[in-house]
Every structure is written in C-alpha cells, then in structure tokens.
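Feature annotations, reproduced from TrEMBL:
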TRANSMEM  29-50  transmembrane segment
TRANSMEM  231-251  transmembrane segment
TRANSMEM  258-276  transmembrane segment
TRANSMEM  314-335  transmembrane segment
TRANSMEM  356-379  transmembrane segment
TRANSMEM  451-478  transmembrane segment
TRANSMEM  599-622  transmembrane segment
TRANSMEM  634-656  transmembrane segment
Amino acid sequence: MTKHKTAGESRKFDPNFKGPIHNRGCTDILCCILFILALLGYFAVGILAWSQGDPRKVIYPTDSRGQFCGQSGTNLEKKPLLFYFNILKCASPLVLLEFQCPTTQLCVESCPDRHLTLVKAKLGTKEDHDYYRRYCKEGVDFAQLSPPELLRDGLCPAMLMPSKAFTRRCLPALGTMKGGVVVVGNETSFDDGQGITVNATDVLQASKKSNLAVEARQVAMRIFEDYTQSWYWILLGLVIAMVVSLIFIVLLRFLAGIMVWVMIVLVILVIGYGIFHCYMEFASLKGEPGADVTIRDLGIQTDFSVYLQIRQTWLAFMIILAIVEVIIILLLIFLRKRLLIAIALIKEASRAIGHVMSSLFYPLLTFALLSVVITYWAITAVFLSTSNEQVYKVFNNSDCPYSRDTCDPATFNSSNVSAVCPDAECLFAFYGGETVYHRYLILFQFYNVFLFFWCANFVTALGQVTLSGAFASYYWAYKKPDDIPAYPIFSSLGRALRYHTGSLAFGSLILSLVQVIRVLLEYLDHKLKGANNKCAKFMLSCMKCCFWCLEKCIKFLNRNAYIMIAIYGKNFCTSAREAFFLLMRNIIRVAVLDKVTDFLLFLGKLLIVGIVGIFSFFFFSGRIRAVEDAAPSLNYYWVPILTVVVGSYLIAHGFFSVYAMCVDTLFLCFLDDLERNDGSAERPYLMSESLLSLMKKSNEEAKPID
C-alpha cells in the first residue's frame with residue numbers, strides 16, 4: 001500500500017471487517033473516572049447551593065428590613081409592592097454603586113394614586129389619615145405624632161405622588177404631554193411636603209436611577225406583553241415549522257435529487273422576493289416626511305418600528321440580501337460539477353435514514369438531556385447567586401463619620417451611631433457575606449459554568465457517536481438492508497455508553513476548556529469597554545478571534561474522531577489522529593465535496609426558515625386581509641416574527657443535524673472504502689452504484705466456481 005509520510009498510512013484491506021466492531025474494550029478510563037468525580041462534585045455544589053440559596057431574593061422585592069414583599073406565609077403576603085419614601089434620593093450616584101436607594105423602602109398593598117403631602121393629610125379628614133397611614137411604618141401612631149416628629153424619626157414619607165406598579169415597585173406615573181413636557185399625574189410640579197417645589201423632570205431622573213435602566217425595562221415589559229398576546233400564534237408557527245421540516249425530510253428520502261434542485265431554486269426565489277419587497281418599501285417612502293433621516297441621526301430608539309419608517313433601513317436590508325444572493329449564485333456556478341456528487345451523497349444519506357428511521361427521533365433524546373443540563377445549571381446559578389446574607393448599612397442625610405458602615409438593625413437604636421448621627425438609619429443595602437462559603441462563592445459559580453459546558457458537550461458527543469455508529473452499520477452492510485443489525489440506534493447507544501464514556505468525556509473536556517476561556521475573554525472585554533488602552537483592546541480582540549477559530553477546529557476534529565470511535569472502538573487520541581490523517585489524504589474531496597454537502601443542507605434550513613418567516617411577517621404585521629382580524633395587537637410585531645424565525649431555524653437544525661451526521665459518517669466511510677477496497681471480487685466497494693458511477697469506479701463480478 002502507498003505510504004504518506006505526512007498524512008499517515010492508507011488503510012489496509014481486512015477481510016474480517018464488517019462495519020462497527022463489536023468486540024471492543026473500554027477507552028480513556030481515566031477520563032471516565034475524572035468525569036464521574038466531576039459530576040459528583042457538581043451535585044455537591046448544587047446541594048450546597050440549594051441549602052444556602054434563597055430564590056425569593058430574585059422573585060420578591062426586599063424592603064429596608066430585608067423582608068420579602070408579597071411572600072406567601074408571612075405578614076407581608078398581601079403587600080406585594082415596594083414603596084420608596086423619597087424617590088428623589090434614587091437619583092443619588094450611590095444607586096449605581098450599591099444598587100440600593102438611600103431611602104426607607106416599605107412593602108405596601110397598592111401604589112399611591114394621588115398627590116398628598118404629610119401636612120395636608122394631618123389636617124385632612126379621617127379618610128386622608130387612613131389613606132396616608134398605609135404608607136407609614138407599621139405600628140406608627142399617626143394621630144398622636146406631629147409631622148416634624150414623623151419626619152424626624154423617618155416613620156412616614158413627606159409626600160405621596162401618583163405611582164404605578166412596575167416590576168413590583170411603585171414608580172411615579174410619568175407621562176409626556178405635547179411639546180415633551182414631563183408630568184406626574186397631569187401635574188408638572190408639586191410640593192414635596194417640606195415647602196419645596198419639585199419639578200416632574202427631577203422625578204423622571206430619580207425614577208430612571210431607581211430602575212437603573214427604565215427605558216430597557218419598558219422595552220422588556222412591552223416585549224413581555226407581546227409574548228402574552230401572541231404566544232399561541234408563536235407555538236402554531238413553530239408547529240408549522242416542525243411539520244414543514246418533517247415533510248421536507250420525508251420528500252428528501254424519496255426525491256432527494258429533485259428536492260435538492262427545487263430547494264436551490266426556491267432559496268434563490270425567496271431571497272429574490274426579499275430584495276424586491278425591500279425595494280418596494282424603499283421606493284414607497286420616497287418623499288415621505290422624515291423618511292430621509294439616517295440611522296445614525298436617529299440613534300437608539302426603544303420603539304424599533306421607527307426604523308422601518310426611514311429609507312436607509314430598507315436600503316441596508318436590500319443590500320445585505322443582494323450580497324447573500326450573489327454569493328449563493330456564484331457558489332452554485334463554481335461548484336456545479338461537485339453538486340452531482342454531493343447530491344448522490346445526500347441520496348445515500350436519505351436511503352440510510354430510510355433504513356434507520358429511529359434516527360429522526362434521536363434529537364428528541366438529545367433535546368431532553370440538554371434541557372436537564374440547562375435546567376440544573378440555571379437553578380444552581382440562581383441558588384448560588386442568592387446564597388448571600390443580608391448586609392445593612394448606615395444611611396444618613398447630614399455629615400456622619402459612620403456613613404455607609406455596616407450595622408445591625410436589632411442593636412442600631414441603642415448604639416453609638418444613632419447618638420452621633422441622629423438622622424441616620426440602619427437600612428438593608430445588599431446581599432453579601434464574610435464566611436468561608438461566601439469567599440469561595442465565585443469559584444463555585446465558575447465550576448457551575450465549566451461543568452455546564454462539559455455536560456452539554458458530552459450530551460452532544462453522545463448523540464454524534466450514537467448516530468454515526470448506526471449509519472456506519474448501514475454503509476458497511478454488504479447486503480442492504482439484510483445485513484443491517486436490528487435496532488442500530490439502541491445498539492450504537494449501548495456501545496457508546498458502555499465502552500466510550502471516557503473518550504466522549506475527553507473530547508468534550510477539551511472543547512469545554514476552550515469555551516470557558518472564550519467566556520473569560522468576553523468578560524474581560526466587557527470590563528475593558530470603558531478603558532482607553534487601545535493596545536489591550538487589540539490584544540483581546542486577537543485572542544477572541546484565535547480562540548473562536550480554535551473552537552471551530554476542535555469541533556470539526558471531535559466530530560470526525562467520534563465517527564472513528566463509533567466504527568473502530570479506539571481511544572479518543574488515536575481516533576482523532578486516524579480521522580485527521582484520513583481527511584488529509586483526501587483533502588481536496590473534504591474541502592469541496594463535504595463542504596458542498598453542508599452548504600446544500602444549510603440551504604434547506606434557510607428555505608424552511610424563509611418560508612415560515614415570510615408567512616409570519618405577513619400575518620403579524622396584519623398584511624393578510626383574510627386573517628387581519630385574527631392577528632394580535634402588538635407593540636413590536638417583530639418580536640413574534642423573530643421568535644418564530646429563530647425557533648424555526650432550531651427545529652430545522654434539529655432535523656437536518658441527523659442528515660448532516662449521516663452525510664459526515666457516510667463520507668468518512670466512503671473515503672475509508674476507497675482505501676480498503678479496489679473493486680475486485682475479493683475486495684468489492686461497498687458504496688452505492690450511483691456513487692460508484694460518479695467516482696468512475698466499478699465492482700468486478702465474482703467468477704462462478706466450476
């Protein structure tokens with residue numbers, strides 16, 4: 001046989017080789033043990049987090065005493081909203097440092113709905129007394145104490161203003177009149193209860209600070225409202241995407257050649273229609289007031305529909321789609337000769353899937369396992385992030401040497417601090433802690449992230465080995481389908497778990513290390529956004545690019561290594577080396593044929609996404625007159641459209657991932673077949689007749705025995 005010094009030795013003929021080897025042993029045992037120990041440690045971290053954490057800190061807002069508003073089973077069960085005594089203090093820079101307004105916060109049943117000062121309430125009717133008492137501290141003798149005494153001891157707010165509940169917090173009911181004038185409850189200014197007139201614009205600034213990102217939260221709330229209005233239509237769209245994907249796969253099984261050409265033509269037509277639609281919108285806005293404003297001049301707007309009213313947006317869409325269209329057409333022109341071999345490979349994959357129909361349902365198992373991994377990671381992350389203790393600090397209005405010092409609310413009134421600083425209060429500030437557990441909390445969070453990547457990659461690797469083992473059984477069967485083993489998916493899954501858990505853990509560990517480094521680089525990039533060190537930013541960008549490329553290379557090598565593991569049952573390093581050398585010995589075929597096949601499958605996903613996306617666009621934007629009344633009223637109609645498009649791509653990717661794995665497995669078997677066999681009666685090729693004719697190969701007929 002020919003030897004390649006740089007690409008290993010070609011495979012030799014083995015008369016006993018009948019496909020995936022059944023007599024195999026356990027591989028990478030040390031990695032298997034390490035993975036099991038890591039999982040036990042992961043469970044230990046989860047149990048520790050669940051014993052220390054408290055998700056109520058995320059669900060419920062916390063008052064100044066660290067109590068949860070609206071928590072069932074407590075005396076605050078019927079008080080789900082958080083009320084700020086003086087919302088203006090939320091404009092303090094302290095909010096950005098400690099994420100807590102330096103003012104008393106109280107759990108209340110409902111937010112104030114009218115403007116009322118403490119003095120007016122004291123001079124008012126019994127109804128005013130009862131109304132104002134709701135927003136004072138519990139147990140306050142409102143009738144006996146004077147307004148100065150109530151304000152001095154911080155028992156009641158100086159004033160109430162019309163408010164609305166937003167993220168379970170009472171924030172001023174801000175509005176905007178014509179001319180951009182900010183109002184609170186139809187008033188532009190009002191008395192703060194201490195003889196000072198407050199402008200509604202000041203309240204707006206304080207409200208923004210108390211929210212930290214009021215505009216972003218408003219957008220989030222509108223998006224949430226859109227989801228509540230359109231969730232059933234989104235589900236219907238995803239079901240349609242699933243049905244279209246399934247129909248497409250079934251048609252591909254019986255009409256692979258025709259379907260591929262139909263798919264190519266339809267993708268070109270769908271993108272072409274997108275270009276035409278963008279041009280029509282661009283042309284229709286000509287001469288419209290404000291349509292010539294640029295995106296840069298418009299800036300960032302929370303109402304994204306504004307961007308669709310300017311011509312530049314549609315021009316950008318049109319240019320992007322035109323570039324995509326040109327690239328696809330050029331690729332099809334230059335790769336037209338390789339398309340025939342790629343189509344033959346897809347036909348062979350269709351036949352393989354037809355004989356191993358259970359492979360189409362295997363992604364459901366992968367999805368279920370990934371859901372378990374993601375859920376465990378998310379729950380553990382929430383419990384870890386909420387396992388801190390309540391930290392109280394001294395808040396004051398005048399100069400105080402103890403300002404922002406840690407304090408104990410139980411002993412604060414009898415301490416020296418209250419004597420030196422009479423107006424100081426001991427209020428809940430944030431969650432923290434000084435114990436050994438809290439000092440190593442960041443390491444537990446890192447371990448949670450790392451094990452999440454490792455487990456997720458392991459589940460993906462298990463799916464790849466299982467599918468490749470089943471499809472390899474099909475390829476190497478001398479008489480199809482008679483020689484295909486019964487239940488190939490279950491047989492392959494059993495072999496993977498019994499013999500190759502260590503190899504899968506090894507491959508997924510290498511990939512996880514690179515992914516964690518990428519996460520750390522993204523974290524550093526986020527931290528350096530405000531820095532002016534251009535050299536550091538350049539180096540960081542280079543490292544991010546290098547590790548992105550490294551991750552893609554490792555994924556490619558792992559995928560082919562898993563195929564070799566499924567077939568030959570060797571350890572990860574040996575399988576990766578053999579797969580790499582096999583691909584290097586056929587680098588031209590790999591670079592052209594395999595990538596062309598991937599490109600055709602990507603066009604299939606693009607077609608499904610395009611069809612579902614176009615119909616969802618016309619439906620949610622109310623442009624289909626027949627169902628115009630059925631379309632929900634939305635703030636942003638792009639929210640359900642984008643959700644359907646992304647969901648459709650994930651669904652199509654789930655179905656086509658089986659095809660992609662089948663093609664990759666058959667491709668590696670195809671290369672192996674070319675090296676092992678020569679078409680003679682003793683060493684016949686096992687590829688299909690269509691592949692034989694395209695490769696200009698043939699099998700000799702066995703001579704009859706006299």
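A Cβ is built for glycine as well, from the same backbone N, Cα and C atoms used for every other residue.
TrEMBL annotations: computationally assigned, not manually curated.
Listed as Cβ neighbours of the transmembrane segment (29-50) (distance under 8 Å, sequence separation of 6 or more from its ends, same chain) are residues 376, 379-380, 383-384, 387, 437, 444, 447-448, 451, 454-455, 458, 501-503, 505-506, 509, 572.
Fewer than three CB pairs closer than 8 A are found between the transmembrane segment (258-276) and the transmembrane segment (451-478), and contact between the two stretches is not assigned (pairs 6 or more residues apart). At the 8 Å Cβ cutoff, the transmembrane segment (599-622) and the transmembrane segment (356-379) share fewer than 3 close pairs (sequence separation 6 or more) and do not count as touching. Remote same-chain partners of the transmembrane segment (314-335), defined as residues 6 or more beyond its termini with a Cβ less than 8 Å from a stretch Cβ, comprise 264, 267-268, 271-272, 274-275, 278-279, 281-282, 285, 295, 308, 592, 596, 599, 603.
With pairs at least 6 apart in sequence, the transmembrane segment (634-656) and the transmembrane segment (231-251) have 3 or more Cβ pairs within the 8 Å limit; the two touch.
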